[in-house]
Structures are given as structure tokens and as C-alpha cells.
Amino acid sequence: MRSTVTASAAAAAVRRTLPPCSPWKAASSSSLAVGANSRRPQPQALSAQHPQQQQRSIFGGLFGSKKKQDPFEVASRGGASGGKGKKQPILSQDNLFHPLSKSPIPAIRQRGERVRALAACPVSMNKHGVRRPVQFECPDCGWPTHYSEAEWREDPDHAQYVPRLREANEDEHDLRSGRDMTEFKFPGQQGFEEVINMSNWDIYFYTRNHESLESERSVRHVTKVLTFPCTLAGVLHENSPYTRRNQRLTHEGLRSLIALRQTLHPTLGDKPSLDVVRIFLVGARAESTLPPHVWDQLTYMFPGVALHIFMVGPEAVVPEGAAAGTVETYTGHPSIYKSNTSSGEAGASGSASAASTGVGSSVSMHRSKLRKSNYGFPSRTLVVSPGLTITTIRATYEDVHAQFEPFDPYTDVFFAFSPGFGFPSQVAVRELEESRRRDRQDEVDRKEARRVYFAGAESGAELGDKSGSAATAAASGISQRPFVAADPSVQPEGGDIPSAEPPEAFPESENELGSPTPFTALTTAPIVQAQREWARALGHILSTKCALISTGFSPADVERDVLAFENVEGVRGEFEWLITPGENVFASRQWVIADFDPRVAVKANWGLWAVRGKRYDIEGPKSARYADAV
């Protein structure tokens, strides 16, 4: 189960909190398209809103008898006090708890309807063996949890789920409350002598100069959005929390990460590297819905290095109608998304910014533009900033693997956020159902052919007996028996004809015990996704000898994925551990509730582990630089 809905809601909240381009112009909550020329104040509009009441004399100008009012300060005070141009929040901070069916937010009411349509009452299933939809909303948490109040009172285990359900209820309402989400105003460029510490969330916020997070709810919102880039940076950064001392990093993992960190952290004074660090997010889903400026935080953690993120997956989100070569207007980053009308200014500022960052690649020349993506599948390439380019491809990784060759362990790394290696293969289930259908149809065809065959033989024997039996018998003087087809249900003494057909491979209605067939979508799938959907992709990834970092949303999910990964034919014994399975330091702190069962609550990227394809020295190194490093 993935948290695409909640991640999209958090991303929408991030977009609503982006700062307006001009302090004199009120920001619209629905439009973020602002031209670069709108950053200049309009004197006419400013003088009309704040007319001058008196003329300043020469003595006032010399001695400063009266403090001059700053137009920035007047505009901000007027917007705060007057309330004009500033949208009032829908919900206050002391009014965030609402039952889902009575929520003032339409999206939350729709989610409540979805839960009532999918979830089943646990008491009715366990006690009565009947599947009943959840219709009663718990007054303590606001979620539909039981069929009626009677089942709600009978449930002895419901109390342990109430705290997380109520917390998720308030978080969902707070994200859509319409308040000024100051926690989503992320810091910009890191100071020259300020080092980022990736030990945990709190130290990261402090060393990264984040705005003060006053409540745990704000921390949950921020970690929900930043868990994807920070999980990535937590592994690759030189101040990573995964070390040999805490036994999370293995010896082979240290060798692989040293090669990557040598590129990501160039020595001060060295020439800018022309190599672009490629980060492949295979099986991308929720991470492809994040705003670009969230991923742009990586450029502040790895300054002076060009990053190219490839989000590849059949469920990756590619905006429809995104024509290559167009420009998107966006105010999430001060140096990106300029308007077409100011292409000259954008080009000049782009060159200056590229020179300041020291990124010596062609990425710096085309920032804030959509570049052509010729991968043979729906795709989009967006240059976010001089140091970051994001390419989204809606396809399976094995279909585009050959287009990314060759690979270099110094510059290439793979990430899989909650890939679901251990979940039952949906493709295998569909193939098994199709095989059953074909077997049943073949049996029907065989019975029909057998019936037609024996019916034709009997009719032919009767006609032959009537027409020629008498004449033949009179001529030869021998009485001949008419031709009669053998009964297939009777075993003759000679044993020339099989007595019975082979038994059915799959029972049609009842099994050996006479009960209905127990096969379901889960029990009939002996194949997991690592063996079917991910088989070819894993083979390609391990063959590159580059690191593969995977996450899971719960301890059970991590264990399930690791066991499935270790037992895949062709993968077993062909990989080396880089980071042992365990808890992710930069996991999301926000609960994600499953629509099919409100009792199931997970946290995005809870666990983390990493592997790499095994290297055989007899074959020779794939890269000379990699061989020198290891």
C-alpha cells in the first residue's frame, strides 16, 4: 500500500504556501503563474492605495523628524490588519477535529465515503463471519470503523487504534485548513561555513536553518514531504547516519558510498566536474507528485554538483499536454521558472547563477524549461535549477534500461521507495485465472468432441446394418456384428483404451473435502512481485554494480521485501549487502491510514536497506576509477 493520496495532499499544501512574487500584490490561492516582471512595484497602484497626506519639508528630510513609512511594511500591515486580499482559514487550530462525514472539507468527506465503501467491520468478520461495511463513525477518532454502535462497543481492541486515527484526522484537516503553512517555506542556499548534520530530523532542521517548527503537527507535515529527498541524502551525504560504528553500513557499503561521495562532495578549489550524478527512482509513484522545489533541496545539500533525477515507473505522474520546450511559471524557487516575456533576463540571470554555483554542464543553460524527452514512452524533462534536472518516464524500468547505458558506480545510484517486492504478483494471479479459464474451456471442448464422435459412430453403424448386413451375410454365409463404438467408461481386458481421463488440475467447484474451493487472490499466487514484475528490472540493476537502496513502510513490509528479494532465482547469491535492514532515520512521522481497513496505519519510508550486484574480480572491473577506489 502506498501513500499517494496523502503525499498529493501534502504537496498541494506546499504549493499553497509558496510566497507571492511581489509584496504589493496579494497572492491568489489558486494561481501560481506570475511573470518575472511583476516583481517590480507599480507606483500607480501603490500611490492609490496609500495616498500621501502631507509633503515632507527640507528640514524633515535633513533631521528625520518623522520616520518614513516603508511601503513594504505598510503593505504587510495593511494586509494583516485589514484582512483584504488575505484569505481567511477555513478551520482554526482549535477546531481541527471533525468526523469525516461532517467535515467542512469536500475532499475529506469523499474519503470517508471511500472508506465506507471498501472497509469491512472487524467485529462482524471475526465474531459472526459476515462481511459488513463500516457505517458507524467512532466519536473519538472520527473515522468509520464499525457496522453499528453495537459492534463498536463490543470491539475490545479499538482503543489502541484511536490515538493514531485521531492524529491522522486532525492532520488531514490542518493540511486543508487554508492557514499560512510557514513550515513549508524551506530554506535556501546553505552558508559557506555551515555544515549540514544528517544525524536525525531535529539536528537536520537546526543545521539546515529551517524556520522554527512550533508543534509536532508541523513536524509531521514537513517530514511527510521531505522524507523522499532526505532519505536519499541521508544515504549519500558524507555526514550520513549509517556508519560502520552503528553496524548499519557494511564494508562493501562503505566502498560503494565512498565512490559516490567522492563525486558528490568535490574538494574545495577543484575544477567543476562535467559528470552529472544520475539518481534513478525506479517504480516511482508518490514521489513523482512532489513539487519540484522540494527535490531542489538536494542542490543545497550537494552544492556544486549537477544532479539528474530519473523517475521511472508505470504509475509515474506525467502531466498531460506538457509540450517540450515550453516554460512553466512557478514561484517555488527564486532562480527558476521565469516567464517567456523575460527570456533575456532569465538567460542573463541563468548564466550568472551557473557561474556562481560552479556547475559546468549544459543543464545550467536551460533552467526552468521543459526539454525534449525522446525515450519512446510518455515522459517529461524539467530543468528545475542550475544543479537539478528531473525526468519522469511512465514505463517499466526494463524497457528503458538500455537507453541509460553505460553506468558508472561513481555517478549512478538506484532508489526504490516501497517497491513491494514481497507482495503477491498481480500478473501471476491474472495469468493463473486465464489458465484456469482455458483449462475449463478445453474440457468443455473435449466433452463436446467426444459426444459428437460417438454419436456419429453409432448412427453410421445403424445405417450400415440396415443396408448391407443382409446381403453380406447371405453372400459369405457369416454373420457379422455391426460396428459399435467402445464405451470409454468401461475398461476392457486388453487395456487398449484408457479407462479414464487425467484428473482436473484445478477443481471447478469443490475440492477433495467437498467444500468450496479455498483459492483466493492471495493464496493462489505462489509468485511474488520480485519474481514477476521486478524480475527483469532487478537483473538489470544488479548487473550495473551500482547501489540499490530500498525502503519499506513498516517492519513487516521490510521483512517481506527482504525475504522475497533473497529468494528470487537469479538474484539469490548474486548481491552484496551495503546497508543492513533497519529503521530509516528520515522516515515520515505522519500516519497514513489505509482506506480498506482503518486499523492499518503505516509511515512512509519507515525502514531502509541497500544492496549491490556482486563483483567478481576474475571478470575485471567495470570502471577503472571504481577499481582504483575499491
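Backbone N, Cα and C define each Cβ position, glycine as well.
When TrEMBL is compared with the stretches 1-54, 109-162, 379-432, the one noted as region 'Disordered' is 1-54. Helix, strand and coil residue tallies for the domain 'Mitochondrial splicing suppressor 51 zinc-finger' (121-175), in that order: 30 helix, 6 strand, 19 coil [DSSP]. The average pLDDT computed over the domain 'Mitochondrial splicing suppressor 51-like C-terminal' (260-426) stands at 76.
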